[in-house]
Amino acid sequence: MQRLYRKRIVLGVGGGIAAYKSAELVRRLRTYGAEVRVIMTQGGREFITPLTLQALSGHPVHLDLLDPAAEAAMGHIELARWADLVLIAPATADLMARLSQGVANDLLTTVVLATDAPVALAPAMNQAMWRDPATLANTELLKSRGFRLFGPASGSQACGDVGMGRMLEPDDLAQLAADCFARQSLTGQHMLITAGPTQENIDPVRYITNHSSGKMGFALAEAAVEAGARVTLVTGPVHLPTPDRVSRVDVVSARDMLAACEAAMPCDVLIAAAAVADYRPEVIAPHKLKKDPSSGDGLLLQMVRNPDILATLARRSDRPFSVGFAAETEHLLDYASRKLMDKNLDLIVANDVANPAIGFNSEDNAVSVIDRDLQETRFAQTSKGKIARQLIDFIANRLKQAQTHA
Ligand code: C5P
């Protein structure tokens, strides 16, 4: 149950008699250290009062999508982002039907649609409703889309029937919620992640940089924390909030980034997602450069190579499991494989930055991961948050294999 410690659970309470058990479920989840925010549907409120769940969760219950006060406090998108897990208990036949169709006509269904977090459903309904072909088809569709089903159980029902459709008991639900974090595959591991661009100064007012937004590196840091890692995020200048529970070090130039990474060593895993400038001006002019009439219309800037942060750390004797990124505009897999070998990496994540939908500064990504056997694993286009989770799972698996064979 320690898997629930500090986990953030949005508990959706639908309109079924089993809603009375949700009160106990909130208590259990909190006992195990989870933070719980409750969303109630209109139906849920007919069975149990928001005040009960507010008192037990320690936070106001979220009720309406269109409530300006509630939206100002923690809006539906914030709630969706906040969640490590969305657990809907009870999940009624109606809720499941709406979710299966992607309907977003109240706060709970909207949060489900907006979240990147896993969503688990604890169905609770009359046995005939559970057996109905429509419910069965909706359940199959939900499962195929990655929703997790907790139960239902079989037994006597509030309506007097006996059969499948009883909601699982709060203890069982808390256990299953904890199991959702079984991919705490990185517990105890220190992960060092580089992100963003670097800035290489020319003079006190000018610099050379690139279009990296840092989104992928930040999404990886968040996913790694969720997977239980202790994360140090060394980032160039970006406009992104620090993901919770991540220790962030801000740097400007490539040399600063290398120094910050060296200071953060040792680590078990290094993911170099930063777009580091390969060259920097040989000298940083102490004063603002002036237009020089004697050099005509041109300006020659002498550049020198920056250190390769990833290659430097991947060659140390306390070398971490090393993962690089290859952002390329052509010959993606060729160039990526070469970098994997040249930089002595375990894995390289190749992405095609020529495609604006998945390139620098975009919301989405689609990548291929190449290993030392030059085997390629593809991850289809989706949000950077989802890709990050998939990548972290993949890396955690490979790390485990590497550690058991070491
Ligand atoms: O050689 P290239 O810049 O394409 O390699 C990309 C990979 O190497 C990325 O993982 C990037 O973060 C890392 N890198 C680095 N230091 C550099 C250049 C690249 O860590 N100076």
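Placement of Cβ uses the backbone N, Cα and C atoms for every residue, glycine included.
Per TrEMBL, the features are as follows:
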REGION    1-190  region 'Phosphopantothenoylcysteine decarboxylase'
DOMAIN    7-177  domain 'Flavoprotein'
ACT_SITE  C159  active site, proton donor
DOMAIN    186-397  domain 'DNA/pantothenate metabolism flavoprotein C-terminal'
REGION    191-406  region 'Phosphopantothenate--cysteine ligase'
BINDING   D278, K288, P307, D308, I309, L310, F325, K339, K343  CTP binding site
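Overlay of TrEMBL feature records on the structure.
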| residue | record | DSSP (3 states) |
| --- | --- | --- |
| C159 | active site, proton donor | coil |
| D278 | CTP binding site | coil |
| P307 | CTP binding site | coil |
| F325 | CTP binding site | strand |
| K343 | CTP binding site | coil |
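Here the recorded positions are C159, I309, and the one with the most other Cβ atoms within 10 Å of its Cβ is I309. Sequence-distant neighbours of K343 (CTP binding site) (same chain, 6+ residues apart, CB-CB distance under 8 A): D308, L310, A311, A314, S322, G324. The Cβ of D278 (CTP binding site) has 13 other Cβ atoms within 10 Å, all protein chains considered.
A distance of 57 Å separates the Cα atom of F325 (CTP binding site) from that of the residue listed as 'active site, proton donor'. Cα of P307 (CTP binding site) to Cα of C159 (active site, proton donor): a distance of 71 Å. Of the listed binding-site residues, namely P307, F325, the sparsest Cβ surroundings within 10 Å are found at P307.
In this structure, the C-alpha atom of the residue listed as 'active site, proton donor' lies 65 angstrom from that of I309 (CTP binding site). Summarised as a single figure, the pLDDT of the domain 'Flavoprotein' (7-177) averages 94.
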